[in-house]
Amino acid sequence: MNTEATHDQNEALTTGARLRNAREQLGLSQQAVAERLCLKVSTVRDIEEDKAPADLASTFLRGYIRSYARLVHIPEEELLPGLEKQAPLRAAKVAPMQSFSLGKRRKKRDGWLMTFTWLVLFVVIGLSGAWWWQDHKAQQEEITTMADQSSAELNNNQSQSVPLDTSTTTDQAMATTPTSPVDTTATNTQTPAATTAPSPTVDSQQNAVVPPSQANVDTAATPAPAATTTPDGAAPLPTDQAGVTTPAVDPNALVMNFTADCWLEVTDATGKKLFSGMQRKDGNLNLTGQAPYKLKIGAPAAVQIQYQGKPVDLSRFIRTNQVARLTLNAEQSPAQ
């Protein structure tokens, strides 16, 4: 009967009360229990008062109670019903995790990298195209400007009258002047013959008869000096040798052959424009002047240049498709 009464009394006590009674029977204080269990005094007090701290998980609280029971020699099986009430197991709240696998993150990163790479590539291509278009447009404008200038200069040259016939008429006048003294001498020689008459009657008869004979004499005498005589100090013209001799070749001659239409401007050392204008396909140009020559060529691929008998290299202008600006020195060293 006494054993059953004691068992019923123990069941009536809570877990904290039973632990406190056992501690007091052993003569231990809350400080001593806390030191042995490595707990705070407040935690031991909460356990004896059947309080569950909010910041303490139920799993840890059940472990502390079991350690406390072993310390005060109380069987753990007797405390299990009370533990279910004092420290019930609470399901931990687990937040649903987002399924971001490593493969998906890597794929997303690679996608952004590819997008950025394509964007940079498009920007580079766009800038290159814009630069090429501006350079091409500037070259076309420059060629058009130079062509307009050359056409304007040609129009101005055509509008000015060139006295080409003056020299020829002067030469003709110089060629005909030596014959006039011969004619005067011929007439002078005829007049004394007419005046030396013995009597006036004969003179009158001669005046009536002589003019036809004088006309015959004059017509016969006049062509003879023109054909046989030359003025004093005048040298005969070498007409036969003029058609045979050829001018000497200038070592500074500039020879150009054109395979296509090309605009061209050539200036010598004195600043004189030897040529400025458009040359057609299959045309050729031979210029002489004072070296060095300054050349501007609109289409370098359409012209072949020979200077001092050697070809001039225009490959660097052909590769870049630019207007060629170069200077040909006396030693044939083209410089841009």
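The backbone N, Cα and C atoms fix where each Cβ goes, and this holds for glycine too.
Keep in mind the model is a prediction, meaning the values are calculated, not measured.
For the DNA-binding region (30-49), the mean pLDDT of the prediction comes to 89. Under the heading DNA-binding region, Swiss-Prot lists 30-49, citing sequence analysis as support.
Feature annotation from Swiss-Prot assigns compositional bias 'Polar residues' to 148-164 (among others).
Annotated compositional bias 'Low complexity' per Swiss-Prot: 165-201 (among others), in sequence order.
Taken from Swiss-Prot, the feature compositional bias 'Polar residues' applies to 202-217 (among others).
Look at Swiss-Prot and you will find 218-240 (among others) tagged as compositional bias 'Low complexity'.
The domain 'HTH cro/C1-type' annotation in Swiss-Prot covers 19-71 and is backed by sequence analysis. Broken down by DSSP into helix, strand and coil, the domain 'HTH cro/C1-type' (19-71) contains 38 helix, 0 strand, 15 coil.
What Swiss-Prot lists as region 'Disordered' is 148-245.
Summarising the annotation, Swiss-Prot assigns topological domain 'Cytoplasmic' to 1-111.
Feature annotation from Swiss-Prot assigns topological domain 'Periplasmic' to 133-336.
A Cβ distance under 8 Å defines the sequence-distant neighbours of the transmembrane segment (112-132), meaning residues of its chain 6+ beyond its ends; there are none. According to Swiss-Prot, the feature transmembrane segment maps to 112-132, an assignment based on sequence analysis.
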